[in-house]
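Enquirer: Got a structure for you, written out below as structure tokens; questions coming shortly.
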Amino acid sequence: MELPAMALQSELKQDKFPSSDVPVKDKTKKITWVRVWNSTDIFHIILVGGLHVLCLSAPFTFSWSAFWLSLTLYAVCGVFGTTLSYHRNLTHRSFKLPKYLEYFFAYVGLHALQGDPVWWVSTHRYHHKFTDTYLDPHSPIEGFWFSHIFWLFDSKYILEECGRYENAGDLLKQSYYRFLERTFVFHVYLQAALLYMFGGFPFIVWGMAVRTVWGFHASWLVNSVCHRYGHQAWDTGDLSTNNWFIAMLTSGEGWHNNHHAFEYSARHGIEWWQIDTTWYVIKLLEYLGLATDVKVPSEVHKRKMSFKNCVQDKQFCVNDK
């Protein structure tokens, strides 16, 4: 099954990655390491690099208490923080929460150490606006490793190509999110101090480094792998794919072609067999009366986005809209 015809693909050869539905040609971004690095890039490389180095101590600091702490924080910060709060609630407004609960989950997300809510939401909205083009903050056509991690260390690229936080005005209007943006580093230190106080160095290694690095790469695999390897179920006009393995790692985020087809949907695992842990949590919150205005795709929208509504024209599938 080929991808829809679009301006981007007219520039790309139709070679496919192994075990992938996605035709794409890399245009590897030449990252200039010898350059003037701004404070954001320096902070990112110190934080990400430092946490990876700390992980080397994991075998020597193992304890069951540290292990279970790591697993618990990974699940809580990943599901309630990154995927439920940052992604589906704040970025896409897929459902509504009482303000106190929205703020609480956003603070939980802060401790996944993937950035403050304003930065995360702004970057992800630019990703959807410019998906798989040269303006995409972590475009796969700039090379696998750029889309996976190196984009984090080139904030000038995002500023020049996309802009700053103009697309996150709904968050910037709220003093709470401006506060988290200004004080993000403080919360990183606070987390480290509390973990050390309660469990010493092993809690730092397992409760902060191991579970955070695991969370980093799980999220980054959505950016890199899920725009290269997997299956396309919907005519999204981009390179997004569904990848069941990444979905298992990320509480449902790996159903990425579904997500790009229905960005507003709180449910990413559209089919009954597509496990989506984050969606189950949202449904529980809805049952408890805490989540309202929960959005899911209509049957009409599904038919519109289906490849069955396309007319096959040689190598391309053109929307009949």
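Just so you know, glycine gets a Cβ as well, placed from its N, Cα and C.
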Enquirer: Starting from the Fe cation 1 binding annotation in Swiss-Prot that includes HIS87, HIS92, HIS124, HIS128, which of HIS231, HIS259 is the extra site residue?
Expert: HIS259
Enquirer: For the Fe cation 2 site that Swiss-Prot assigns to HIS227, HIS256, HIS260, which of HIS52, HIS111, HIS127 is also named?
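Expert: As annotated by Swiss-Prot, HIS227, HIS256, HIS260 share the Fe cation 2 site with HIS127, chosen from HIS52, HIS111, HIS127.
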Enquirer: Can you tell me the CA-to-CA distance separating HIS227 (Fe cation 2 binding site) and HIS128 (Fe cation 1 binding site), as a whole number of Å?
Expert: 12
Enquirer: Where HIS259 (Fe cation 1 binding site) and HIS127 (Fe cation 2 binding site) are concerned, what is their Cα separation in Å, rounded?
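Expert: Cα-Cα distance, HIS259 (Fe cation 1 binding site) to HIS127 (Fe cation 2 binding site): 12 Å.
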Enquirer: Note the Cβ centroid of HIS87, HIS92, HIS124, HIS128, HIS259, the recorded Fe cation 1 site, then list each other residue of that chain whose Cβ lies within 8 Å of it, in sequence.
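Expert: Going along the sequence, the neighbours come out as ARG88, THR91, ARG125, HIS127, GLU263.
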Enquirer: Could you state the CA-to-CA distance between HIS124 (Fe cation 1 binding site) and HIS260 (Fe cation 2 binding site) to the nearest Å?
Expert: 12
Enquirer: Should anything in the same chain at least six residues away from the transmembrane segment (42-62) have a Cβ under 8 Å from its Cβ atoms, list it; otherwise answer none.
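Expert: Apart from its flanks, the transmembrane segment (42-62) reaches 113, 149, 152-153, 155, 185, 188, 201-202, 204-206, 208-210, 212-213, 216.
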Enquirer: Which residues in the same chain, at least 6 apart in sequence, have a Cβ under 8 Å from the Cβ of HIS260 (Fe cation 2 binding site)?
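Expert: Spatial neighbours, sequence-distant, of HIS260 (Fe cation 2 binding site): HIS128, THR131, TRP234, THR236, ASP238, SER240.
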Enquirer: How many whole Å apart are the CA atoms of HIS92 (Fe cation 1 binding site) and HIS127 (Fe cation 2 binding site)?
Expert: 12
